[in-house]
Amino acid sequence: MTKSLTNMNITNKKVLLRADLNVPLENSVITDDNRIKAILPTLKYLVQQKAKVIIFSHLGRVKTEADKAHFSLQVVAEKIAFYLQQKLKFVPETQGNTLNQAVGQMLPGDVLVVQNTRFEDVPFKKESKNDPELGKYWASLGDVFVNDAFGTCHRTHASNVGIATYIKEKCFGFLVEKEISFLKKIVQTPQRPLVAVLGGSKVSDKIGVIRSLLQKVDVLLIGGGMSYTCLKAKCFNIGTSLLEADKIPLVKELLASPEGKKIVLPKDFVCGKEFSPTTQAAVYSYDNISDDVMGLDIGPQTIELFKTYLQTAQTVVWNGPVGVFEFEQFSKGTKALAETISNLSPNTTTIIGGGDSAAAVFKFGLDQNFSHISTGGGAFLEFLEGKPMPGLACMEKL
């Protein structure tokens, strides 16, 4: 059993904190800092306990030397300093004398941010392939390892599994503990009825989680791009809507299975002739979609249908928007579901998966009304699917 952070002796210790600070950037400006806010409880606790905190995180996809100019963690370090209201040190390197010296000069309560761990992916992918020498080196910088990056717990990287392999004293941060606690409520001990909502564009991304959820949920509401492949599998015309034709046999199998009766598909759609915010929108029944239009949102009948299921739920888990919420006229379905779920009884456990569904909830200003909003998109789905989670498993081993 992994120790709790509050039971660790961290005063005056060098604590390696793996955080998920992979925030979206536009022209080197952070457009959504919720992942930074999410680690503040752990970070503030470490500072209050007078630990010497050394933060590791990745940012973006770094495949070439040129990419490095766009994905420095310096802008993230500045935002952390703002929220902590204290100075911290940013080291623009991932290893070497400058980093070694900076760590050696730290005082209790100091915070240091190491450069983007994915800089080590150029050119040999040392971070992403969990290079043992890199993991061993990073581990040598600290006394204690705190993993608070749930968003990477489904990955085997040098900055999570690698460090954990070479350091004895380790634990999860408060964020990861919270993520695991809420996800176990779905997987192990849900209050029923348990209603899941799955959206997003591709059914192929979620076949595994659909199979897993059908064993656990009472109702599975499916919307978004993936619903059109489901309709096509039932031999309905979907016009020019998104289709994964190669997944039709799999979807037919799921719909025909004993658990398939738990699946509820949309009854109508808001469609347009083009994937554009200005295309003319019109509502079509699921069995009467024209050849020249594509579905871009669930329709008003479906909103009401989904509401009836959600309003009876004791546990709700939602991953993936049910429409193109970035376009105003195709955002009504996603917004209506977000409002419905956020207005459920405080006794109802409501959990939002990471990624676009979380982005939608924040966009609509409803983020305070959910029991939990996960910081991990892929990790969230893989946990629900029951896949191995290397970033969690490695914390149990000495």
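Don't overthink the numbers, they just go from 1 along the chain as shown.
Note that Cβ sites are derived from N, Cα and C of the backbone, with glycine treated the same way.
Binding of ATP is annotated in Swiss-Prot for Lys206, Gly295, Gly354, Gly355, Asp356, Ser357; the matching candidate from Glu177, Glu326, Glu328 at the same site is Glu326. The distance from the Cα of Asn22 (substrate binding site) to the Cα of Gly355 (ATP binding site) comes to 12 Å. Restricting the binding-site residues Asp20, His58, Gly60, Arg118 to those with a CA within 10 Å of the CA of Gly355 (ATP binding site) leaves an empty set. Taking Cβ-Cβ distances under 8 Å and a sequence separation of 6 or more, the neighbours of Gly295 (ATP binding site) in its chain are Ser227, Tyr228, Ile238, Gly239, Ser241, Leu242, Phe269, Val270, Cys271, Tyr284, Ile289. Taking Lys206, Glu326, Gly354, Asp356, Ser357 as the binding-site residues under consideration, the smallest Cα distance to Asp20 (substrate binding site) is found for Gly354. Cα of Gly354 (ATP binding site) to Cα of Gly60 (substrate binding site): a distance of 16 Å. Note on proximity: among Lys206, Glu326, Asp356, Ser357, the binding-site residues of the record, the Cα nearest Gly60 (substrate binding site) is that of Asp356.
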